[in-house]
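Copied from Swiss-Prot, the annotated features are:
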type	residues	note
DNA_BIND	49-117	DNA-binding region
DNA_BIND	154-218	DNA-binding region
MOD_RES	Ser54	phosphoserine
MOD_RES	Ser55	phosphoserine
MOD_RES	Ser60	phosphoserine
MOD_RES	Lys66	N6-succinyllysine
MOD_RES	Thr121	phosphothreonine
MOD_RES	Ser159	phosphoserine
MOD_RES	Ser192	phosphoserine
SITE	Leu57	site 'Intercalates between bases and promotes DNA bending'
SITE	Leu181	site 'Intercalates between bases and promotes DNA bending'
TRANSIT	1-42	transit peptide
Amino acid sequence: MALFRGMWSVLKALGRTGVEMCAGCGGRIPSSISLVCIPKCFSSMGSYPKKPMSSYLRFSTEQLPKFKAKHPDAKLSELVRKIAALWRELPEAEKKVYEADFKAEWKAYKEAVSKYKEQLTPSQLMGMEKEARQRRLKKKALVKRRELILLGKPKRPRSAYNIYVSESFQEAKDDSAQGKLKLVNEAWKNLSPEEKQAYIQLAKDDRIRYDNEMKSWEEQMAEVGRSDLIRRSVKRSGDISEH
């Protein structure tokens, strides 16, 4: 199970390594930063039908133990790349077998979902739909965050308090993280104005660093046609050329 969970994480990190179809809808993944569409079933509603794996993921789970046995010292990321390469070279006739299995299971899944929903009360159905919306928003935010990391967006500036916490947290004498944070917070309150001023200055310096890095980064985004990532205030001021 741990190996399987590791494989999921590597697949998400690698992006489109041969995964052409979304496990949820069977369609191609349109993201500009290719991330594997990982299926998740509803959990809090009880026995909600579980989505079937896509043809590629089914193939991967079959091949992973074989590759692991052949290459026991290889990293999981290397094994996943080998499996992806094997999938790309797989004859279309063999791929169609996996795709046919997926389509059959997807049809059965949709029928099971319909039957499941018929048993729900209006309030339960509303709760399930609310949960689905929240999960979609969470996933959208996660994909956006990963995209910005891949594009090298500068880290936001830290406050004086955050700088102090990062410096003092490990030295705090408490076994729990919550206890450490409480001690650091109390120590911050007891700092003299002069002592706090040093951290305030560091925060100002970090803000200057952030502003300079963001200006450069947004210019790069404008050059590559990603003006959607430029802050609105910058667009209005005309500091960034979108051409």
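Easy rule for this one: first residue shown is 1, then count along the chain.
Note: Cβ is positioned from N, Cα and C throughout, glycine not excepted.
Fair warning: this is a prediction, and the values are worked out from it, not measured in the lab.
For Leu57 (site 'Intercalates between bases and promotes DNA bending'), the nearest of the recorded positions by C-alpha distance turns out to be Thr121; the candidates were Thr121, Leu181, Ser192. For Ser192 (phosphoserine), the nearest neighbour among the listed recorded positions (Ser54, Ser60, Lys66, Ser159, Leu181), judged by C-alpha distance, is Ser159. For Lys66 (N6-succinyllysine), the nearest neighbour among the listed modified residues (Ser55, Thr121, Ser159), judged by C-alpha distance, is Ser55. The distance from the Cα of Ser55 (phosphoserine) to the Cα of Thr121 (phosphothreonine) comes to 34 Å. Looking at Ser54, Thr121, the modified residues in this record, the fewest other C-beta atoms within 10 angstroms of the C-beta turn up around Thr121.
A coil conformation is recorded for Ser159 (phosphoserine) in the three-state DSSP classification, outside any helix or strand. Each residue contributes its Cα atom, and for the residue listed as 'phosphothreonine' and Leu181 (site 'Intercalates between bases and promotes DNA bending') those atoms are 45 Å apart.
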